[in-house]
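Novice: I'd like to ask some things about the structure below.
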Amino acid sequence: MEKRPIEPPDGGYGWVVVTSAFFIMGLTAAVLKNFGLFFLDIQRHYSVYTSTTSWVTSTTIAVFHLGAPLASTISMHLSQRSVIMIGGLLAASGMIIASLGLSLPWMYVSMGVLQGLGMSLCWIPANSMVSHYFKRWRPIAYAVASSGECVFAMIFSPFFQWLIESYTWRGAVLIIGGLQLNLCVCGALMRPLQPNPVTQNSIQGSKDQSGTTKKVTFQWCLIQRPELLLYIMFAILAAAGFFIPPLFLVPYTNSLGMEQYWAASVLSVLALADLLGRLACGWLANLRLVRNLQLLTMVVTAGGVVLLLLPVAQDYWAILVFSSMYGFLFGCVIAIHVTSIVDIVGLEGFDSALGLFMLLRSSGGFVGPPAAGWLVDWAGDFSAGFYLSGFCLVLSGIFVVFVDRLLERKKLPVKQTDSCSDTTDDQIINADRTDV
């Protein structure tokens, strides 16, 4: 019996959805990636330690992840379109309030809580829409959509630096808040998929399988699946490592005596390499030469090794080389780490699993930057932050190996329909051949 009356169209209006998601990624994740440009100005404005300033970004990252189950649940009861528009208003209001420069606690609330929650309400539904509109071309569609983060990050690095020098950091934050109002326009373009006509027998079958309930209820019980739990452990460690380099690259290059614009250009090159990595890995994943989880293990481990070696770079060009390598490998990870959730729980459990994934991953993003900031304060050298980041990424790759081996052992021809136990084992069995 067909469990999914809504079949991914794999094209058509889906490419409008991808374009909208492209801009959503740019106006959320790309802004977050360039928070490092404001780091020293905010630190000087409030006269606080590096670790204290790091809590601003850390709060944004944590709330961004913690809001994921809320975003998934509201999307199930309303629509992705409505949730994205609400998120756009929250994100913009957070930046506008932050521009007032009231106090550091207000920065935690505005740039941290409001901005983080707004990003979550935009990012989660956008990813969900792309995954539901595509099946065969899902890796490519997601790679194109997520590349908006890289394209906008390249543009935003020099643009934000110019805004800071022209209007101070507070004026720059106010203008960014205005730009984020365009998230509401992107949300308006997210047209929900319409169910395909079904027969009376199909309707009866869906009732028997409690399909309707599954579509509107957040499946917390998915956390009982060991493969998803191990994958979340990978996500926690990866999040702890991933958010450190963009935050400390600019201060690190400044500490070596380089001018601010040269330091900002490192983020632009990082974003360009990130873009190439996403597109290249999305294309490679579509070829199915290796399993997605195998590919993920290779790129995340290599990224960790590059970060461990980055502090040996003591001049601009050496930093540029290591940053490019890391950016490319980071892009490879981003291109497949979300779509790999479909390989683990199937498309029907994707929305709930993504919410759980983001919720629990928040602990890594929340602890990583402050821990790196504390190490930098203690060691008096920004290199310590990169060592921590690289170690976390290498360790995270081990958990991906465990997930891949566990899924391989479960490839048995057993049909089950409960997505909270081993619901999608059947889908996983055929994922390498039919679900991209």
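The backbone N, Cα and C atoms fix where each Cβ goes, and this holds for glycine too.
Under the heading domain 'Major facilitator superfamily (MFS) profile', TrEMBL lists 14-408. What TrEMBL records for 12-32, 52-71, 83-102, 108-128, 140-163, 169-190, 228-249, 261-281, 293-310, 316-342, 354-376, 382-403 is transmembrane segment.
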Novice: Flag the pair the transmembrane segment (316-342) / the transmembrane segment (52-71) as in contact if three or more Cβ pairs fall under 8 Å (sequence separation 6 or more).
Specialist: no
Novice: With Cβ distances under 8 Å as the criterion, find the stretch in 83-102, 140-163, 228-249, 382-403 that has the most pairs with the transmembrane segment (261-281).
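Specialist: Looking at each of 83-102, 140-163, 228-249, 382-403 in turn, the most contacts to the transmembrane segment (261-281) are made by 140-163.
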Novice: Below 8 Å between Cβ atoms, which of the listed ranges 52-71, 108-128, 293-310, 354-376 makes the most pairs with the transmembrane segment (169-190)?
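Specialist: Against the transmembrane segment (169-190), the leading stretch is 108-128.
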Novice: Given the cut-off of 8 Å on Cβ pairs that are 6 or more apart in sequence, determine whether the transmembrane segment (293-310) and the transmembrane segment (140-163) share at least 3 such pairs.
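Specialist: Not in contact, no.
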Novice: Please figure out which one of 108-128, 140-163, 228-249, 354-376, 382-403 racks up the most CB pairs under 8 Å against the transmembrane segment (52-71).
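Specialist: Maximum Cβ contact count belongs to 354-376.
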Novice: Taking contact to mean three or more C-beta pairs under 8 angstroms, with sequence separation of 6 or more, is the transmembrane segment (228-249) in contact with the transmembrane segment (108-128)?
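Specialist: Counting Cβ pairs under 8 Å, fewer than 3, so no.
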Novice: Who are the chain neighbours of the transmembrane segment (108-128) in space, where the CB to CB distance is under 8 Å and they lie at least 6 residues beyond its ends?
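Specialist: That would be 20-21, 24-25, 27-29, 32, 55-56, 58-68, 70-72, 74-75, 80-81, 83-84, 86-95, 97-98, 142, 145, 173, 180, 183, 186-187, 190, 338, 350-351, 354-355, 358.
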Novice: Across the domain 'Major facilitator superfamily (MFS) profile' (14-408), what does the mean pLDDT come to, as a whole number?
Specialist: 83
